[in-house]
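Trainee: The structure under discussion is supplied below as structure tokens; questions concerning it will follow.
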């Protein structure tokens, strides 16, 4: 065959397929893409393959080659995808079948110089048969077609030069964008801190606390890997006195200078402890000593000492890196001594506090112990993990990668916004009398002032006056809210206004403004604050009705709409309309508030605030906070939870609650826990067992019910109060068809014999309860109530504990209350104390904590209530085990009690542990 014919035949074979002759070692291409750009030769006898240089080019990304050997026969099959490819251009062929590197590939040796990323080679041997499979991806490639102008001669191993591909076919270089920077406000610290509380609506409103109140800060804290970490809750206030707001500030103004660490000082700091094991939820308690604008934050850090302790114990026990771990521990301690802990990286985080000389000496000894090679590794490790060393690092931990969260706003109000005992009176029923004609003569502010020493001696903090303004004559209600009044019926004090004036006037029958000023001065001299009922409504005779008819709602028939709270109707009262002239009405109301502040009123009990716009109250509260931060607002809102909480967010300091209707053990427990732990940062409760408008079915049981509810109100809530006169004289008969007492002082003047007010023992009980409250600061806290078990559903057991670090006495304070909820029958049962709820650790009691030893005597308890009442039968009625005196007992963890409501409905125990 001529050279020309051979060439033509070769070209034809390269494009139209080929065949393999067994034993010849020659193979024709089965497809155009199967032939490498440089040609090749396969010889079964020699086991060598010459395809170009014997190397697979990087361009062969789309080629799959498999070689099978069966019964001594060599068969080579080259398979390609049908997709085009341009990869062949990445390794240009050279004449003579060699690549630029001149390398070889020998199939018999199992070696390959191919650099193709997508090629996978596997070799299997089955019954002496060798099978080689090369698989490639089906990515586009130009290797399927020989280079332009080139010729391939099978068996010669030579190939004509190929033409270089266009530059356009090359992949563009990857462009990396600039590094992304997280916004500072969204950045999660290295030790992650999320779900910080208390935060009210994403800081739309500041959280609340009171001076001296212990409030919890919680957060979810975690870090990657097995590193140990720590976190502190910190309380801060502005350094500049002008920014502290002690004399008033705009509560909606953003916190000042939040990006300037020097503008804020840390006034309290507490280490966070885990609550809810395994949930990474942490809590710490903070306390403010003064009022004004504050902020709180959470600092977090990696703790290298605790991390080392964890790792060292594991590795040394396993014999891994023993000397290395001990030396790393020594260097950590040296770092602590040298004070080389880096300043936290957070822009406002605190610096590492220095170690005391005594602590440095302890760490020096620990370092020596770690490096004492004569001792066993376990002994050396204990030198740096002793209680003394661990205590040092608890107090002054090494803080790596420390950061602080952003500042969260907190308003700290004065003590009375949290705690106080209130005594409510109708002045006209204090000192009232019958004249010579048998007519009832109203009491006055002067006669009411005569009982102020008794009120103060009974331990009350606030004297609360129902409305003292002139009472309307039109549609005046008669006795028991009858629609027709007799000539001598005084009417309801909440129907404000007549010809003598409106909200800035004193009812003539009560006295003069000078009498009021004298009343306030006397109260202050006795340590009492005066609270005034502030009812934003008018009688039809109020001056505003004529002067500003636009401030009222006019019905279609031209009459003014009276107040309604279905099924109750108040025909003698016109509610205000806040929509027609909001600015004019606001200014008038603001003027009334200012008037009474000028006359010494510091607390306002706002009547039915849920029937007025929340926005109005929000504006008024912010206004008073900025100008009169000492003023306290109590919301008399018996309404839905959403409105009650909305009013609290709007600025009310205190609120009436559903306590009045919570009588069973479970509902009492659930409600008190809600108030203490779910809403305390917004809503502060005031517990009144009864009001002029409310007498619950429970209270109709008589003196035993009145006593039980007084104990519960006074000892479970920081703020409580009674309706003076009605409560001591046990007015428990309901008016038919309504939930209020018959003949109640809203519609008539009561004639009380003040000297006989303790005829049911209620006055003396309340005096003792208020004395216990003042002696035990734990009872004046809101967020610390805990409940204990009892096998009788009619016996409620709860406690309050205040740690020594937060107590004004500098000592732990714990009070346990055991209350019979049944006003009719003696109840008895076993109570089961929970030590942590009493501020005690189970480890302190050793074997007594075990179930089989819970009867072991470990406490000394004193019944403060029985001792205060000084009633011998009350003490002897206590059927507790281990009685050692009329009022003192030794108790175990489980104890038996018996309570007769006719004698003493409760035990109120103070605690101490036995030596």
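Cβ atoms here come from the backbone N, Cα and C positions, even for glycine.
The shown structure was predicted, so the numbers you read here are calculated from the model rather than taken from an experiment.
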Trainee: Which of these, 537, 666, 781, does TrEMBL say binds alpha-maltose 1-phosphate at the same site as 477, 572, 608, 746, 747?
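Mentor: That alpha-maltose 1-phosphate site, as TrEMBL gives it, pairs 477, 572, 608, 746, 747 with 537.
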Trainee: Measuring CB to CB from residue 747 (alpha-maltose 1-phosphate binding site), give everything in the same chain under 8 Å that is also at least six residues away in sequence.
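Mentor: Spatial neighbours, sequence-distant, of residue 747 (alpha-maltose 1-phosphate binding site): 477, 478, 479, 480, 481, 489, 490, 491, 492.
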Trainee: Using C-alpha atoms only, work out the spacing between residue 572 (alpha-maltose 1-phosphate binding site) and residue 636 (active site, proton donor) and round it to an integer in Å.
Mentor: 20
Trainee: Here the binding-site residues are 477, 746; which one has the lowest number of other Cβ atoms no more than 10 Å from its Cβ?
Mentor: 746
Trainee: How many other Cβ atoms are found within 10 Å of the Cβ atom of residue 607 (active site, nucleophile), counting all protein chains shown?
Mentor: 20
Trainee: For the alpha-maltose 1-phosphate binding residues given in the record (477, 537, 572, 608, 746, 747), what is the largest pairwise C-alpha separation in angstrom?
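Mentor: Per the listed residues, the maximum Cα distance equals 19 Å.
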Trainee: From the Cα of residue 607 (active site, nucleophile) across to the Cα of residue 636 (active site, proton donor), what is the distance in angstrom?
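Mentor: If we compare the Cα positions of residue 636 (active site, proton donor) and residue 607 (active site, nucleophile), the gap is 5 Å.
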Trainee: Using DSSP with the three-state reduction, classify residue 636 (active site, proton donor) as helix, strand or coil.
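Mentor: Residue 636 (active site, proton donor) sits in a strand per DSSP.
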Trainee: If you run the three-state DSSP split on residue 537 (alpha-maltose 1-phosphate binding site), which class comes out?
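Mentor: Once the DSSP labels are grouped into three classes, residue 537 (alpha-maltose 1-phosphate binding site) ends up as strand.
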